[in-house]
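The transmembrane segment feature in TrEMBL is assigned to 20-40, 102-120, 132-151, 157-179, 191-212, 224-244, 305-329, 341-363, 370-392, 404-425, 446-466, 472-493. Residues or ranges marked as domain 'Major facilitator superfamily (MFS) profile' by TrEMBL: 27-497. Per TrEMBL, the feature region 'Disordered' maps to 526-550.
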Amino acid sequence: MAGGGFATSSGGGTEFEAKITPIVIISCIMAATGGLMFGYDVGVSGLVIGLIRNYNVLALDQHMYRWRDSNARFLEKFFPVVYRRTQDKGLDSNYCKYDNQGLQLFTSSLYLAGLTATFFASYTTRRLGRRLTMLIAGFFFVVGVILNAAAQDLAMLIIGRILLGCGVGFANQAVPLFLSEIAPTRIRGGLNILFQLNVTIGILFANLVNYGTAKIKGGWGWRLSLGLAGIPAGLLTLGALFVVDTPNSLIERGYLDEGKAVLKRIRGTDNVEPEFLELVEASRVAKEVKHPFRNLLMRRNRPQLVIAVALQIFQQFTGINAIMFYAPVLFDTVGFGSDAALYSAVITGAVNVLSTVVSIYSVDKVGRRVLLLEAGIQMFLSQVIIAVLLGLKVKDHTDNLSHGYAIFVVILICTFVSAFAWSWGPLGWLIPSETFPLETRSAGQSVTVCVNLLFTFVIAQAFLSMLCHFKYGIFLFFSGWVLVMSFFVLFLVPETKNVPIEEMTERVWKRHWLWRRFMDDAYADEETGKGDGTGKNNGHAKGFDPDSQL
């Protein structure tokens with residue numbers, strides 16, 4: 001039974017009939033639980049920083065003494081150096097009290113492991129399919145959760161963390177591709193963003209769990225925090241067992257009849273011949289590519305590669321880490337006291353989730369570029385104003401931020417988080433997953449995930465030190481990057497809404513004022529040496545055409 005229907009037009013005038021079928025919705029929801037696991041891992045990483053922050057901010061609170069009995073053992077057991085630092089009453093710097101390389105390494109080790117795993121995930125995604133790659137991710141998640149929850153020493157904790165990172169690498173490789181390929185063109189953006197929605201829900205869930213388990217007496221609350229990651233891990237594993245693989249993947253691996261049958265099921269119609277033939281042709285071209293990573297570097301694939309890499313770098317340089325880290329401190333200043341961490345998690349987490357829902361609704365209506373450009377203005381102004389207020393009111397060892405100013409800064413934080421959640425958060429994953437041609441799609445997604453995790457690692461490893469040295473200037477640093485990335489989107493990122501994945505070259509890249517120069521016929525057979533190599537534009541205009549961006 002279908003929930004609705006529509007037809008999508010292709011560049012050549014062909015119409016791909018497709019209905020919004022239950023199997024598509026259920027498959028996308030199950031697959032997107034990979035984002036839930038990723039989000040929970042990111043959120044639970046705040047457990048250690050949360051312990052240190054609470055030690056420094058709430059040391060004299062009676063509630064804190066009960067809390068110490070519960071979780072002091074975690075710091076003392078796994079991070080004794082950090083624990084001793086929390087006992088140093090002389091360290092009261094507003095910006096430097098959290099600066100510790102060991103702590104940063106614990107947080108960032110997950111991303112380093114994911115970075116390495118994504119190269120293997122590229123192979124499994126192409127050879128074994130999207131579904132089996134998600135199943136492998138689920139296996140890594142489950143084993144990693146067990147080791148973390150049962151950890152007896154730091155080595156066991158780190159090994160579990162590394163396995164979780166491997167799960168992140170495999171999940172982030174397979175899930176966005178799965179969602180983009182199985183979804184009908186008209187709602188591809190919205191369904192793909194289910195991944196990011198689950199990331200935000202996972203972060204919110206982890207923050208609430210961290211706050212609750214911190215109050216458990218007996219010193220085992222941290223095990224519960226780490227162990228509850230088994231819920232999203234189990235959901236992803238079960239989901240991977242029951243969902244169907246994408247027609248693109250089945251056809252690419254030679255299962256034509258099965259691919260056509262699945263295409264009929266997910267489209268809710270028997271009239272799939274035009275789309276099926278297009279997928280078969282794309283698969284034929286893909287099989288001619290023996291070295292997909294080398295093929296990525298060819299001239300005609302550079303636009304997709306440049307945009308995919310740039311989006312991942314820019315996503316990490318929006319400053320979302322600075323905003324989310326400093327939020328609890330501001331909530332404490334406003335007067336929430338020992339509940340500052342809870343209110344920070346609930347309010348910013350709720351804004352994050354709701355704004356991602358806005359993105360799901362609007363991304364296929366207003367387009368990717370509009371969301372990115374509007375959010376750029378919103379994030380830039382928020383960060384500049386926050387930097388000015390903190391620079392004037394919050395010094396290294398004094399805090400003169402009044403209640404009114406603190407409330408205003410909290411509003412600015414929510415403004416920033418909402419902009420990120422409906423733009424760079426989800427679209428940083430969506431756009432790369434829908435722009436690479438089939439022959440380089442797995443390799444392209446692998447590079448996308450690798451770059452994202454690499455710069456997540458860099459930011460996670462350097463952020464606390466940057467906060468210590470830049471102080472309030474860290475917000476100006478990131479606002480400058482927001483300005484740069486907004487101009488990048490304005491001139492170089494084309495609109496991809498409502499365009500079938502296999503027609504991106506004809507309908508997007510060949511119509512862009514700059515990227516069409518890389519799509520010249522002279523380079524169509526570059527790997528066989530048939531192009532003339534002149535790099536001429538073959539009569540295309542070289543000026544900037546704003547209409548081609550809309």
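Even glycines carry a Cβ here, placed using N, Cα and C.
Unlike curated entries, TrEMBL annotations are predicted automatically.
By the count of Cβ pairs under 8 Å, the stretch nearest in packing to the transmembrane segment (370-392) among 191-212, 224-244, 446-466, 472-493 is 472-493. The recorded stretches the transmembrane segment (446-466) and the transmembrane segment (157-179) share 3+ CB pairs below 8 A when only pairs 6 or more apart in sequence are counted, and are therefore in contact.
Same-chain residues lying 6 or more positions outside the transmembrane segment (191-212) and placing a CB less than 8 Å from one of its CB atoms are 24-25, 28-29, 31-44, 46-47, 50, 175-176, 179-180, 182-183, 224-225, 228, 232, 341-342, 344-346, 349-350, 352-353, 356-357, 359-360, 363, 421, 425-426, 429-430, 433-434. Of the Cβ pairs linking the transmembrane segment (20-40) with the transmembrane segment (224-244) and spaced 6 or more residues apart, 3 or more are under 8 Å, so the two regions touch. Looking at 224-244, 341-363, 404-425, the range that has the most CB pairs within less than 8 A of the transmembrane segment (157-179) turns out to be 224-244. Each residue in the domain 'Major facilitator superfamily (MFS) profile' (27-497) has a pLDDT score, and their mean in this model is 82.
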